[in-house]
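A.B. asks: Sharing a structure here in structure tokens format.
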Amino acid sequence: FSWGRFRKITLRMFPVLNWLFSYRFREWILRDLHAGLSIGLFQIPQGLLGAWLTKLPLPNINGFLSAFCCSMTYVIFGTSHHISIGSFSILNVVVTNILQTLNFNQTLSSNGSQDNFSDPTFMKDYMEALTLTASITFLTGIIQLLLGCFCLGFVTTYVPKTLSDAYLAAAALHVIVSQFTFIFDIMLDFHKGPLDIFYNLFHFFLALPKANATSILLFLLSMAALRLNTSIIITYKHSPIAFPMELLLIVTVTIISNHIHFHAESSSAVVSMIPQRFLPPTLPDFSNLSKIILHAFSLAIVSYFLLVFVGERYASLHNYNIASNQELIAVGLCNICSSFFKSRVVSCAISGTVIQDKTGGRTQLAAAIGASMMLVIALKLGHFFRMIPNGILAAIVVFNVLPFLEKFLDIPILWRRDKYHFVIWLATFAAVLCFGLDVGLAIAMGFTFFIITIRSHRMKMVVLGQIPNMNIYRSLSIYRAAREIEGIKIFQCCSSISFANMNNFKTYLLHKMDMKAVPLDESEMRALISLSLSDVAEERKDLKCSCVCERPPPPPRIPYTEKLVKRHHADSDSSSSSVNLVHWSQYGDKLSSRTLLVGAAEAQCASPGFNMGLTTEKNEDEGRRACLSAGSAIDNSSVQLDKEEQPMHLPCPVHTVILDFSMVQFVDLIGSELLRQIIHMFHNIGIAVLIAACHSSVIADFEKNDFFDSCVTKERFFLTLHDAVLAALGKHRKPDEQEPTAEEFAEEPLAEQQKVEYLA
């Protein structure tokens, strides 16, 4: 225990202390007051308007107390400076659909009329529906709180910004469609299920003849005023602040609507019939737990991701960070508080968040001021706001979610920059738009993880060449100055090697070496197995019966199961042999020669490569046993070659393959096994495989995976690529060549290096 640690834990649990102790009163107080006043006045009619979508209206005092407590809870425990907590229209519709699924009677009919609250049967159903709603909200909060306590908020770390942008764009379209009810004054039953947004658009289109022209006109005028507001800029302390047009619209329309009757629907028709008495908190009803737990989990995930996506968007705009686990805890506590007032699941109120940002809010003090003003004004003057036409409030909501659709303009840029993220964006947007915020999020996350896995395991390799007279190696296909070293092939592996890309690694390597792998036949496999056994083997009998009390030894490890052959090209002479094998001959116990038998049209030879790469004499005998010495494997093969084919010796064969592992982060068990087999197969045809610039963690993985044996030793590993090249050249230097001096590989001046780097 230490006071420093106690202070750190306290600040982490109560993020409000971070900005409260560093609050710049003179610079920020007017901004937060301005933003708080705008948010507070907007939340009053917005809360009253929610009765139309929920079809299960709460008493005003319960709704406003719930909004106040949720806002203050997030002010204390939340880490975002701009999030406005409140109800989200799509989540309200989801909860309504859950109630309908569980056969609870809806309170409002499709035309907006209301049943008699004085009917005891109706009131019983009404209270049961509210209790179930509170149970769903409470269970949602508990799930979020548990996820946060177990630090599962890290999942958002693996979500790319492309997914969050597409998700918010699709959610914005869902919000806009949900506002059509208020724009056209048409009350419809929202379709639930896949493609619900298109069904709702179709039904709205059919009902357009019944639309209220006054409501549409008020909506268009409000949109024009809000659009004009973007041209008005107020500068305070050298920072721009948006003119409070939403505040001006609400105040002006509230005054006018209380003196002049608009022929448009308002929330008064519903709110005036709700019993205006406080409903005390009750214990959650978990009698339907098995039916609601999956719905609660879905709401918990959607509510959290929506909050984090919007929070990260504004955190990046204002250069600060949010804590994903703390956000889970904060929204979980908010939903638990909401359940005490029989309210619904809360999340980020997108419109309120946008208003808080553009009106200059700098901290959550703006949200606290807005929540306090909302509660005081709503309880004392709330009846004045009931007369505001719904079309004006819909215009404010629609206008403030439009910025989330601006990412449509970046789609061509995204296509040019990164096609993977372009595919993720389209898939996420289509999934959320067609299947909703919950199922669409699951599909988008699964698809994104699939794309990320494919991309991270996609094998990318390049062939390197040396910049003349320098120890710099660059891609032959990009740098014109790079030259391939005689007798050496250098491959740079630009990704980790795993089970997902190991076949691509092998295919690329053999293709560039103009070879292919063919399986060993039965006799060759027997020879390999016999070499893998002990030197002094007991004589086998046809039938042996014995009692074995100890654990039998593991079966011998086969170093490889394929052999390398030259590719047969289609344009070669038809008289050539179609099978060009690497042939070994053996006299006694020592390897005498290695010859590549090829057809008449493509004759080559394999020069005698160094034994086991760079091994010592002490390991030579062991290496020959593990690396399929001459006739023991191939001489017993049943393949017969034409007598006319004779070995031909050409001057420039490839004697060394160097693998640059400087960009390899890990090699898994399957990948290390494949790499070991490749080294054995190349060794069998006289080509040494060296590995350069391999990280120590990768070597540790090799050791754990039992990668090394008597043939594949650590002597094949070199600290740098240039060291591996020097070792290969020194081992295969011609007799008439002098040993290269250090001056030949000295580094050029920096200016010369930069010049060569950009020759391409």
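Cβ from N, Cα, C; glycine included.
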A.B. asks: Which one of these stretches, 200-221, 376-397, shows up in TrEMBL as transmembrane segment?
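C.D. replies: Spelled out, TrEMBL records transmembrane segment over residues 200-221, not the other listed ranges.
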A.B. asks: Counting only residues 6 or more past its boundaries, what in the same chain has a CB within less than 8 Å of a CB in the transmembrane segment (241-260)?
C.D. replies: 31, 34, 37-38, 41-42, 45, 222, 225-226, 228-230, 232-235, 266, 355, 358-360, 384-385, 387-389, 392, 396
A.B. asks: State the residues, same chain only, that lie 6 or more residues beyond the ends of the transmembrane segment (292-310) and have a CB under 8 A from a CB inside it; answer 'none' if no residue qualifies.
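C.D. replies: For the transmembrane segment (292-310), the list is 80, 83, 88, 91, 94-95, 98, 102, 132, 135-136, 139-141, 143-144, 147, 153, 156, 159, 164, 167-168, 171, 322, 324, 327-328, 331-332, 335, 345-348, 350, 353, 437-438, 441.
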A.B. asks: Quickly jot the same-chain residues contacting the transmembrane segment (422-452) by Cβ under 8 Å, restricted to those at least six beyond its ends, or write none.
C.D. replies: 90-91, 94, 158-160, 162-163, 165-167, 169-171, 173-174, 194-198, 298-299, 301-302, 305-306, 407, 411, 414-415
